Structure formats: structure tokens, C-alpha cells
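Note sheet for the following structure.
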Ligand SMILES: O=C(O)CCC(=O)C(=O)O
């Protein structure tokens, strides 16, 4: 878990000091129609009598496999956002700082972790336990599980107070993640741009030019990042100075049980 919470400098360009990224970069995003790859679980099918099945946008590129949908309607998403704002307890002090090139910076967003009892993860060289699940996070987690058939035991919460808060390029490829498991990213609040950049297309002199994939993450949306996306692609939420409203993002993950 260490690398998504305490980013290595080369994996997390400009954390604490990122400039606004050029919006004119080429973007690719597949739009082939169809449903989610996982067969819905029984309770999903039962719920389907009350709720319309989400319509998925499949986003594909070389080694990138994502599915996007708006999972929560506006009224429900508004309620969840308000509850997250009231209930989530974010890191403070040393846990809200990051070491980049030997210098400490405030993390340019707020973070918190919640999850199953008994799990541990590494953060700032410390072994920590996530906070126990709270009802609003369980509700979102269970909805995601219902439509994807995937289960999750951990969530990282990132809160961006406005468009100046951001997250630099990184991959969610921590050793603690269960191999082959997807990451489910659910967003509430301000709509933000989200970029994927191929690992061979990074930096000033990339060895290849692969088009950036850009997605807009809307209020109430779910982005499924399926394997092998995080092996080949870095992702980021760039600075957007015109965005004045806050946003809360939840990335649900499946973490391996702690070795005893
Ligand atoms: O806020 C977001 O959409 C991105 C969060 C993220 O990149 C992460 O949790 O690894």
C-alpha cells in the first residue's frame, strides 16, 4: 500500500508542486457498447427489478481496460457526498505529508483509509490498520459489488478541496493488492479530468508516443480499472484551477490479508 500513499518521486511527478496539465493532449477512449464483464450476482439481479442496469462505456487502449458508468443519480450522489463530508476522518500531521526528492510537502489533497478488521498496510514506514467501515462507505462498496460481482476489503478516500488539489502520475501496483483484482474508483462532487499515460510514453524523451487517455469523472460515477491497466498505465488527476468545488474519490481495493 506504501506506493499509493507515499509516492516515490519518480512514480509521482510533481506531488505537492504540479502545474496545470495541457488540456489539448490527444485523447483516446473506446466507446464500444455492452455490459460489464462480470456476471451480476444474484442480489444484483434481484435489485434490477427496482433499478435500471447501468450502461457502461468501455475504455480500451493497448494494455488498458477500464469501464465507466454513472452509478448514482444526482439526488443519491448529493446525499452520499454530504454524508462523506460529515463522516470521513482524514489523516492529519505526519500522515498528511509526503517526502519528495528529500523534501517534505503537504499532500495536495486529504486522505483516509477504511477497511476490514485485521488488515494492515505500510504508510510512511509505519504499519497501520485502516479505520473500520462506516455506513456510507459500506453502502457505496456494496453497490459497486452488486453491479460488478467484485468484492473489496479496503478503500482509500481522497478529498480535493478544489481544482488546485490533485494527484500526480502513479500506478496502483502495490504488493499488498490481490493479484488480478480490479480497482473501483467512485467519484462525488466536482467533475474532474483524469488522465492515463502509458509507462513508455512518460517524461521529456519518451521511448514511444502513445496517446494519452482522458476521462472525465462525473458526480456519482464509477470507473473500473481492470488488470492489466495498472501494469502499463500511470494515472493522474491534474490541477484544474477553474474548478472551485470539492470532490471526494473512493478507490475500493482488494488487499491481501496480513501475514501473521
Ligand atoms: O481521485 C482520483 O480520481 C484518483 C485517485 C487515485 O489515483 C488513487 O487513489 O490512486
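Note: Cβ is positioned from N, Cα and C throughout, glycine not excepted.
The model shown is predicted, which means the values in this text are computed figures rather than measured ones.
What TrEMBL records for this protein:
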BINDING   101, 102, 103, 121, 122, 123, 173  substrate binding site
BINDING   158, 160, 170, 235, 247, 251, 253  2-oxoglutarate binding site
COMPBIAS  1-14  compositional bias 'Basic and acidic residues'
DOMAIN    151-256  domain 'Fe2OG dioxygenase'
REGION    1-52  region 'Disordered'
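In the structure shown, the C-beta of 158 has more C-beta neighbours within 10 angstroms than that of any other entry among the binding-site residues 122, 158, 251.
All protein chains considered, the CB of residue 103 (substrate binding site) has 10 other CB atoms within 10 Å. Max Cα-Cα distance over the annotated 2-oxoglutarate binders (158, 160, 170, 235, 247, 251, 253) is 20 Å. Only 158, 251, in sequence order, out of the binding-site residues 102, 121, 158, 251 have a CB under 6 Å from ligand 1. Counting residues of the domain 'Fe2OG dioxygenase' (151-256) by DSSP class, helix then strand then coil, yields 7 helix, 51 strand, 48 coil. Fewest Cβ neighbours within 10 Å among the binding-site residues 101, 121, 160: that distinction goes to 101. Closest by Cα distance to residue 101 (substrate binding site), from the binding-site residues 158, 235, 247, 251, 253, is 235. In the predicted model, the domain 'Fe2OG dioxygenase' (151-256) shows an average pLDDT of 96. Least crowded of the binding-site residues (102, 170, 235, 247), judged by neighbouring Cβ atoms within 10 Å of its own Cβ: 102.
Residue 103 (substrate binding site) carries a strand DSSP state (E or B). Every protein chain shown contributes to the tally, and the Cβ of residue 173 (substrate binding site) ends up with 14 other Cβ atoms within 10 Å. Take the CB of residue 253 (2-oxoglutarate binding site) and look out to 10 A: across all protein chains shown you find 24 other CB atoms.
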